[in-house]
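Swiss-Prot annotations:
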TRANSIT   1-68  transit peptide
REPEAT    145-179  repeat 'PPR 1'
REPEAT    181-217  repeat 'PPR 2'
REPEAT    253-283  repeat 'PPR 4'
REPEAT    309-344  repeat 'PPR 5'
REPEAT    345-375  repeat 'PPR 6'
REPEAT    380-414  repeat 'PPR 7'
REPEAT    422-456  repeat 'PPR 8'
REPEAT    457-491  repeat 'PPR 9'
REPEAT    492-526  repeat 'PPR 10'
REPEAT    527-561  repeat 'PPR 11'
REPEAT    562-596  repeat 'PPR 12'
REPEAT    597-631  repeat 'PPR 13'
Amino acid sequence: MQALSILPLKSGLLVGSRLEFELDCSCFVVSPKTTRKRLCFLEQACFGSSSSISSFIFVSSNRKVLFLCEPKRSLLGSSFGVGWATEQRELELGEEEVSTEDLSSANGGEKNNLRVDVRELAFSLRAAKTADDVDAVLKDKGELPLQVFCAMIKGFGKDKRLKPAVAVVDWLKRKKSESGGVIGPNLFIYNSLLGAMRGFGEAEKILKDMEEEGIVPNIVTYNTLMVIYMEEGEFLKALGILDLTKEKGFEPNPITYSTALLVYRRMEDGMGALEFFVELREKYAKREIGNDVGYDWEFEFVKLENFIGRICYQVMRRWLVKDDNWTTRVLKLLNAMDSAGVRPSREEHERLIWACTREEHYIVGKELYKRIRERFSEISLSVCNHLIWLMGKAKKWWAALEIYEDLLDEGPEPNNLSYELVVSHFNILLSAASKRGIWRWGVRLLNKMEDKGLKPQRRHWNAVLVACSKASETTAAIQIFKAMVDNGEKPTVISYGALLSALEKGKLYDEAFRVWNHMIKVGIEPNLYAYTTMASVLTGQQKFNLLDTLLKEMASKGIEPSVVTFNAVISGCARNGLSGVAYEWFHRMKSENVEPNEITYEMLIEALANDAKPRLAYELHVKAQNEGLKLSSKPYDAVVKSAETYGATIDLNLLGPRPDKKNRP
């Protein structure tokens, strides 16, 4: 609820919203003795769809006029309820006494209630451009309270109709000269005009007009100026109003300080706003400010503290959505808020986490998560899921797993999304382990999943099997395969292929045959990789007749041997010292229109060179160069060494310079 200001009047008490008094206000008169005899209801003071002011005027024969209005929303749109000219402590209600005779009907001079329709009156003036236009409408209206003009001017301002607002003031200035100063624009009229003209660069002109009319600005005027400069982007000029008010002998009030904080908000200067508040709090503690008895400063400071927390949150959110990386600023402001004793709410912490969407934001998200866990008893599950996603995006998978572990240990209970997010991170980690052959890491990840109640799926087991195969860890591959079956997962062709490869690299050819036969028995169709592995197994056993049968079987199933398949055979022959057989398979792959690559030539050249066939190795090297292949230095050195050892004559110029290891493609 808003604080209420209670001001004494001659006829009672004025009760109104402290923060929304001068403009967009709600107030009423409380009379301890008499009742209200005259009541005039002024409906809407503005006619646009974007604004609404409900207004009342209470009139009695012995009482002054009290104007009230109530808006649909705060002009600043701030949750703090700060109006840009929302307070006037020196409001002198009843400065212009309304004659009840003027409001009475012609029925025998009896005084009756008269309804003044401000909305209709303002609507009739909407096209006014000069004082003459206003006079044409108001000449038969008699004397109207100045509050009516204030309401209309504010309404024109909200509807961006500046010409009729200025025309009304010009008409009042004319009336002032005609009435000898009895009727004319006063401070409240000019404050209303100043507010209506904000955003149109007319502030200086209005101030000059006030000076010519001999009207001295008050604190509301300066508060309004501060907002005007802020909306025009003149932030330093807006903050300079604080010093100007003191120079003019006015003490800044809570609205002044709140508006200054809003300026820092518009500047997106969270540190500046926080430093301003800390300095303000120190001055209040020393009683250098807050001595105005018209305010409950203790209550106002509670609101200011809430407001600075809100501003810091908004600024940090703006920093996080910028294209630039402002994470360091966010962390510094969070630490500065801790030092100042300003702590955002849990909801604000969580909304900041939602604003963390880029990889570099993970450090901010992690810090905010830590603060929520330490300072609050609860945290939103959706926020935790977002953090798990963010950590994965930033490749901080272990940090994501820690958050998941917190959900299991501290709550809230993870849901299906939590599970899927963590499993997806394990997929990435296991895939990396598979590609790099980091088999121990893969096994560790599987154990971690099981420890946290996450059942590894088929693709997870396969990833670790492939990692074991690449690392030539035959024993580990066998254990993983068995564990996969024991956990109820049915092996796929990838599973069998990885196991076959591991067995082949461990030269466990008989075991490989048993696995192959079992795969066929359970109905798993071999793929190219599995056939290639078995080709390598048969080559290692030198069972070339079975190898021919295997290749025919591949052809019958529409699976064409690839360069990798022939390389596996040639490589197996080379390891067993069968360079002649390797050379035959080289010609066979050519006859089957499979083009050899660098690996093919390098393995075959080395096999021939080491098998006392330097001339043939030399010719293959030259052939590879002529085909545009870039061989490494290893076959080059093998050819040169073999030629020297066996006395072969070769042309080193044709071989060219020795390849650099760094230039190996």
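Each position is counted from 1, following the chain as shown.
Each Cβ is built from the backbone N, Cα and C atoms, and glycine gets one as well.
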Can you name the far-off residues of the same chain, 6+ from the ends of the repeat 'PPR 6' (345-375), with a Cβ under 8 Å from a Cβ of it?
309-310, 313, 316-317, 320-321, 325, 327, 330-331, 334, 383-384, 386-387, 390-391, 393-396, 399, 403, 406, 410
Sequence-remote contacts (6 or more beyond its ends) of the repeat 'PPR 5' (309-344), Cβ cut-off under 8 Å?
79-80, 261-262, 264-265, 268-271, 273-274, 277-278, 351-352, 355-358, 360-361, 363-364, 367-368, 371, 375
Chain residues outside the repeat 'PPR 13' (597-631) and at least six past its termini with a C-beta under 8 angstroms from it:
563, 566-567, 570-571, 573-574, 577-580, 582-583, 586, 589, 638-639, 641-643, 645-646, 648, 650, 654-656, 659, 663-665
What parts of the chain pack near the repeat 'PPR 9' (457-491), using Cβ distances under 8 Å and only residues at least 6 beyond its ends?
423, 426-427, 430-431, 433-434, 436-439, 441-443, 445-446, 449, 498-499, 501-503, 505-506, 508, 524
DSSP-derived helix, strand and coil totals, residue by residue, for the repeat 'PPR 13' (597-631):
26 helix, 0 strand, 9 coil
Counting by DSSP secondary structure, give me helix, strand and coil numbers for the repeat 'PPR 11' (527-561).
26 helix, 0 strand, 9 coil
Quick check on the repeat 'PPR 6' (345-375): DSSP residue counts for helix, strand, coil, in that order please.
27 helix, 0 strand, 4 coil
What is the three-state DSSP composition of the repeat 'PPR 4' (253-283), stated as helix, strand and coil residue counts?
28 helix, 0 strand, 3 coil
